[in-house]
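Colleague: Shown below is the structure under consideration.
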C-alpha cells in the first residue's frame with residue numbers, strides 16, 4: 001500500500017499543525033496517524049538489546065538441550081542450528097523491511113492491516129494481533145516457568161543432588177517460584193524506559209559474556225571431553241520414543257533451535273520508544289538474530305564438547321534429575337575438584353540470563369498490549385493503553401504478568417496441558433510473523449513503499465522463503481514426537497493452535513466484526 005494512499009497526515013501537515021517531530025521515527029509515527037505518548041529514549045543498541053535478551057541463547061539452548069540430545073544429539077545441534085538460523089534470518093529480514101515502513105508499537109498486527117488492503121485490514125489485523133499477543137504471553141509463561149524449574153535444579157544440586165538426598169521441590173513450590181519471578185518482572189517493568197534500557201543493555205552483555213565463559217570454561221574444566229568427530233558427526237538415534245527414522249529425528253531436533261530463535265519482534269514493539277525508529281528498529285531485529293546465531297552456535301559447540309554419555313545425561317536417575325546441561329556443568333566440576341560448586345555457579349549464570357529474558361519479554365508483551373488496546377481490540381481497552389507519569393503502560397504490564405501466571409497454573413493439573421499451551425509460543429508467534437510478510441508479497445506486492453531499510457528487488461523472494469519456512473515448521477512441530485500415540489504422548493500443539501484459531505475467529509464472527517475496524521489513528 002503506497003504512502004500516497006494512506007489517509008493520515010503527511011510530515012509537513014503534522015508540523016504545520018504543531019506536532020514537531022524529534023527525529024525520523026517521530027515524524028513517521030505522525031505520518032501514520034499517531035501522537036507520541038511513550039518516551040522516545042532508546043538507541044539502536046538498546047533496541048537491539050531487548051530482542052537479543054528475549055532470544056537469549058543461554059535460555060533457549062539450555063532449556064531445550066534435552067530435546068536436542070534426545071532427537072539426533074550433536075548433529076541436530078550443530079547442523080540443525082545452522083539450518084534453522086538461515087531460514088530464520090529470512091523471516092527477520094522480511095520483518096525488518098516492513099518495520100522500516102511502519103515503525104509503530106502495533107508491530108505485526110498494524111503491518112497486516114496496512115498491507116492487506118482496506119477490505120481485509122480489520123480481519124487481518126485481528127487474527128495477527130491475537131496470535132501475536134497470545135504467543136507473547138505463552139513465551140513469557142514458558143521463559144519464567146523454565147527459570148523456576150532451573151532454580152529447582154539448582155536447589156537440588158546445592159543440597160546434595162538427587163542421589164545425595166537433595167531437596168526436590170514440588171510442583172507447588174515451582175509455581176510459587178514462577179509467580180515470584182513474574183512479580184519481580186512486573187515491578188521492574190514499572191520503571192522508566194531509561195532504566196529498562198540500561199537493564200536491557202546489561203542483559204545483552206551478560207548473555208554474550210555468559211556464553212563465552214561457559215563455552216570455554218566447561219570443556220576446559222571437564223576431565224573427559226568429546227572428540228571433534230563426536231561433536232560434528234555423531235547422530236543419536238537411541239531414544240525411548242519409538243522413532244528410528246534419521247530424517248524424522250533430525251527434523252524433531254530442530255525444535256530446540258527454532259524455539260530459541262523467537263522474540264525478535266520486540267524491536268518492532270519498542271519502535272515508538274526508539275530514536276530514528278524507521279532505521280534503528282529494523283537494525284535491532286536483524287542484528288539481534290544475526291548475533292544470536294553466531295553466539296548460539298559457539299555455545300552449542302562449547303557445551304557439546306563436554307558431552308560424553310548422552311544416555312546418562314538424559315536419565316532421571318542422575319544428580320540433576322535428568323536436566324542434561326545441569327548435569328554436564330555439575331559433573332565437569334565434581335570430577336575435577338571433588339564437588340560440583342563451580343557447576344552450580346555456572347547454572348546461576350544461565351539463571352540470570354533467563355531472568356533478563358523474562359524481563360524483556362514482559363516489556364515486549366506490555367507494548368503489544370498497549371498498542372492493541374489503543375486500537376480497541378482488547379476488552380477494557382481504555383484501561384490497558386493508559387500510561388503513567390513516567391510514560392510507562394503499567395496496566396498493560398500487570399495484565400501481561402497476570403495472564404502469564406494464569407497460563408502456568410495448568411501445570412498443576414497436567415504437564416501435558418501446560419506443554420500444549422506454551423507450544424503456542426513458537427507456532428503462534430511464527431504464524432503472526434508470517435501473516436504480514438505474506439500480505440507484503442501478495443496483496444501489497446505492487447503497492448508496498450519501503451522505508452530506509454529495504455531488501456530492494458530481493459524483498460519478494462526473501463519474503464516467500466520466509467513464509468514457506470513458517471509453513472514448514474508449523475507442520476513439523478505438529479507431528480507426533482513419540483510412538484505409539486496415546487493420550488500421554490500425543491503432540492497437542494495442533495490442538496492448542498487450532499483451539500486458539502477457533503476462539504479468535506469465533507470472537508470475530510460473534511462480536512469483533514461489529515466494532516473492530518483495525519488500527520485507529522489518534523491525531
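In case you wondered, yes, glycine gets a Cβ from its N, Cα and C as well.
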Colleague: Which stretch does TrEMBL mark as transmembrane segment, out of 285-307, 308-330?
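Modeller: Spelled out, TrEMBL records transmembrane segment over residues 285-307, not the other listed ranges.
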Colleague: Given the transmembrane segment (77-96), which of the listed stretches 108-131, 137-157, 194-218, 395-418, 455-479 has the most Cβ pairs that are under 8 Å apart from it?
Modeller: 455-479
Colleague: So if I exclude everything within five residues of the ends of the transmembrane segment (337-358), which remaining residues of that chain have a CB under 8 angstroms from its CBs? That is, six or more out.
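Modeller: Cβ under 8 Å, 6 or more out: 53-54, 56, 58-59, 62-63, 140, 143-144, 146-147, 150-151, 153-154, 157-158, 161, 181-182, 184-185, 199, 202-203, 206-207, 210, 213-214, 217-218, 221, 319, 325-326, 328-331.
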Colleague: For the transmembrane segment (424-443), could you work out the same-chain residues 6 or more beyond its ends whose Cβ comes under 8 Å from its Cβ atoms?
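Modeller: For the transmembrane segment (424-443), the list is 91, 94-95, 97-98, 108-109, 111-112, 115-117, 120, 124, 127-129, 131-132, 134-136, 138-139, 141-142, 255, 258-259, 262-263, 265, 459-460, 463-464, 466-467, 470-471, 473-474, 477-478, 493, 496-497, 500.
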Colleague: For the transmembrane segment (169-188), which recorded stretch in the set 108-131, 194-218, 395-418 gives the largest number of Cβ pairs separated by under 8 Å?
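Modeller: Selected stretch: 395-418, with the most Cβ pairs under 8 Å.
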Colleague: Could you name the stretch, out of 44-65, 194-218, 491-510, with the greatest number of CB pairs under 8 A to the transmembrane segment (108-131)?
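Modeller: Most contacts with the transmembrane segment (108-131): 491-510.
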